[in-house]
């Protein structure tokens, strides 16, 4: 690139508005400054803090600047800054001013973070004002700049915040291939220039170039104001012409050097700029900290160039140019500290935490990354792993399935969170060491505690636990404290818990002990006064006879008890087998579904060879019946199996459901410890697969196909809500539960969580929340009140998936777009169809899309009473489908 180094040529910038500049007046109002730079109030970029203005003397004049201060010492105070994604890097400049605004003469110190990295500690005792400059490689459309209080050092303050676009490809030798790096400016020196700083408009990117006189030892400078032609095509940083036209040049010595102090030891990135502004072409070596980095570098007349160096683990910096031929010279230099950005927490963890925050109904202040630069409130981390979660005194009511996604947890504290029912959704937390569920209203141990193989502390005190302590707790070999105080537990404790090294606390229970005492009459265990009665010889003889008779009688009685016990056990086994047979006969009388033997199931699945799905209930296998029909076989885990009556009811319910848009129930197997359900197999896979799963890469669904799927699924749900008797709430509507056949007809599947209700049951209160994160109705979660409108909410999420072509919870985009409902709802309400799936762009009828989007938005309304019925949803979707068909017909006719 050829350009003319002529200062006057930059006057054009004095009269044009700079493109891409963001200038925030922190605590101030909007105004236009010199060179047409627009400063705006920071009110739209941060929600916390107080504002004031400070006036102070500066030389012979006074300055008055706004300040935003943050009295709350807890957490992060963050600015969310928009960034253009077409840029490769941006400059972030923050100015911090104290100047005794509070008349306390106590300048604060605080941390500054950009994204996940603490970049610096601002100490206004050292410099006031303090200017911090950072170069950030663009990898998102926004970033967070946060202030974090230092304990005992006052409250953070800020005066201004600037975002400036940098030249494309600039600073690439440091940032290229390393998107997890931030550059923090240490020095930017306009070598050889002594008449103040240079910035915009001389530098169109508004970098501040400091004058050279402050850096010793000082050498002669050389300045050219004339017209000079320079070839600078290889300088991607694009330094301003006014910087390149000056140079520090060796006067009489053999070397030219800069000795620069560094704030902190670390890795540094150095750029040296050279311009051939002399008719000579000097040659010299470049030495950094006594190490030769460039042995023979020549500055060619009329050429401009750069040298880039990275120095690792240094605490001081000396740059020396040693003469080889003619006088060494340098036009400018930049020095940056290289800051590594810590790895981010897993998307699964972030998704789970965001869902948990949403359903607490509280703003926990969780934004950006949970672990860096500092952990969120209520959280502790090890590196980028969330290892502890503390949510006491929050009305959770149940442990959401989402907690099970926090796989790195070592400590989970949910004490005093109004939990009820059974302990659930913790079985996947294999690393958990401490579990505190005390001071709740839990009634049952559940079936998952035995899976917590690394558990050391289990605190269940002050609950409503009933019955006996499960033997399975003895499997927790690392357990050292089990607190069961103040519950309603009875019976002997398992002997597997009576071991050295395990403390078991049991006070406050009706009858709980390691001894095999009877709990039929608790009062019999109370100590009574002992009374001594004198006995004569005759009585002693009679007593001996009585003792012998008693021993003999006791032995006979013990034998009798063993006989009775064996009889009862045998009778119970016969009764259990009789119950299963009776249940099978009862099911046969329905004449609605087939009863399979376990042998038949094993043959159909080829010994359970092909797994096609897995969930909390068990696994699903692909099978083939003797007549060639393909089936999906759902096998329940032992711990998820139902009692006989419950299983009969479930099979009866499934046998009654017959609709073209519901997956057909083919039969079942019910044998001791075996509960298996058999459904028709649909070869087209799930809707989720077609939208963003493996099938989406091979065949994408167009808009009319998506509407057809939506109509089919709505028909199935409408039958459940309004066509069957009793009516049924599905409870787990999601795109992976909408299956497609080979002709792309959709059917709703998986009624394992479904709930029957009559017209008298306008709502149903549950003690356990069932469903999938991202689809759960927030009102159902918070109130435990289940209605058909909960299905409508979940189906609304599916409609948004069809429109946007993405998952309900996704960490791939910006933090704002993580939750599909919260992201899509305001955009679609504003008619912003830019968020529609890219695959659908320019292929849909706007009226059809608008109608589908409108009903989807109503479905996901937070207030259940304002949501439409599924029948109304079906009507609107049919209308949208008809509009799209008409649009396609008109387009074909036009073509």
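Backbone N, Cα and C define each Cβ position, glycine as well.
The active site, proton acceptor feature in Swiss-Prot is assigned to 732; the stated evidence is sequence analysis. Residues or ranges marked as ATP binding site in Swiss-Prot: 612, 613, 614, 615, 616, 617, 618, 619, 620, 634. The N-linked glycosylation site annotation in Swiss-Prot covers 36, 50, 60, 140, 195, 234, 318, 416, 436, 462, 498, 521 and rests on sequence analysis. Residues or ranges marked as phosphotyrosine in Swiss-Prot: 679, 780. According to Swiss-Prot, the feature phosphoserine maps to 736, an assignment based on similarity to another entry. According to Swiss-Prot, the feature phosphothreonine maps to 767, 772, an assignment based on similarity to another entry. Feature annotation from Swiss-Prot assigns repeat 'LRR 1' to 385-407. According to Swiss-Prot, the repeat 'LRR 2' annotation covers 408-430. What Swiss-Prot lists as repeat 'LRR 3' is 431-453. Taken from Swiss-Prot, the feature repeat 'LRR 4' covers 454-477. According to Swiss-Prot, the repeat 'LRR 5' annotation covers 478-500. The repeat 'LRR 6' annotation in Swiss-Prot covers 511-532. Per Swiss-Prot, signal peptide is recorded for 1-16, and the stated evidence type is sequence analysis.
Features per Swiss-Prot, on structure.
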residue: 195; record: N-linked glycosylation site; Cβ contacts under 8 Å, 6 or more apart: 211
residue: 234; record: N-linked glycosylation site; Cβ contacts under 8 Å, 6 or more apart: 305, 306
residue: 318; record: N-linked glycosylation site; Cβ contacts under 8 Å, 6 or more apart: 257, 258, 259, 260, 287, 288, 289, 290
residue: 416; record: N-linked glycosylation site; Cβ contacts under 8 Å, 6 or more apart: 392, 393, 438, 439, 440
residue: 462; record: N-linked glycosylation site; Cβ contacts under 8 Å, 6 or more apart: 438, 439, 440, 485, 486, 487
residue: 498; record: N-linked glycosylation site; Cβ contacts under 8 Å, 6 or more apart: 504, 514
residue: 679; record: phosphotyrosine; Cβ contacts under 8 Å, 6 or more apart: 631, 632, 633, 634, 663, 664, 665, 666, 749
residue: 772; record: phosphothreonine; Cβ contacts under 8 Å, 6 or more apart: 401, 732, 734
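Here the repeat 'LRR 1' (385-407) has long-range neighbours at 345-346, 348-349, 351-353, 355-356, 359-362, 370-371, 375, 378-379, 413-421, 423-431, 616, 767-773, 776, 781-782, 784, meaning same-chain residues at least 6 beyond its ends whose C-beta is under 8 angstroms from one of its own.
Here the Cα atom of residue 780 (phosphotyrosine) is found 25 Å from that of residue 618 (ATP binding site). Same-chain residues lying 6+ beyond the ends of the repeat 'LRR 5' (478-500) with a Cβ under 8 Å from its Cβ atoms: 433, 438, 453-471, 506-517, 519. Packing around residue 614 (ATP binding site) is summarised by its Cβ count: 10 other Cβ atoms lie within 10 angstroms of its Cβ, all protein chains included. Of all the recorded positions listed here (50, 60, 140, 436, 736), 736 has the Cα closest to the Cα of residue 620 (ATP binding site). DSSP labels the residues of the repeat 'LRR 2' (408-430) in these numbers: 0 helix, 6 strand, 17 coil. In sequence order, 411, 412, 413, 414, 415, 457, 459 make up the list of same-chain residues 6 or more apart from residue 436 (N-linked glycosylation site) whose Cβ falls under 8 Å from its Cβ. Each of the binding-site residues 612, 620 was scored by other CB atoms within 10 A of its CB, and the lowest score goes to 612.
The helix, strand and coil residue counts that DSSP assigns across the repeat 'LRR 5' (478-500) are 3 helix, 8 strand, 12 coil. With a 10 A radius on its CB, residue 618 (ATP binding site) counts 20 other CB atoms from all the protein chains. Each residue contributes its Cα atom, and for residue 60 (N-linked glycosylation site) and residue 36 (N-linked glycosylation site) those atoms are 26 Å apart. The recorded positions listed here are 36, 732; among them, 732 has the most other Cβ atoms within 10 Å of its own Cβ.
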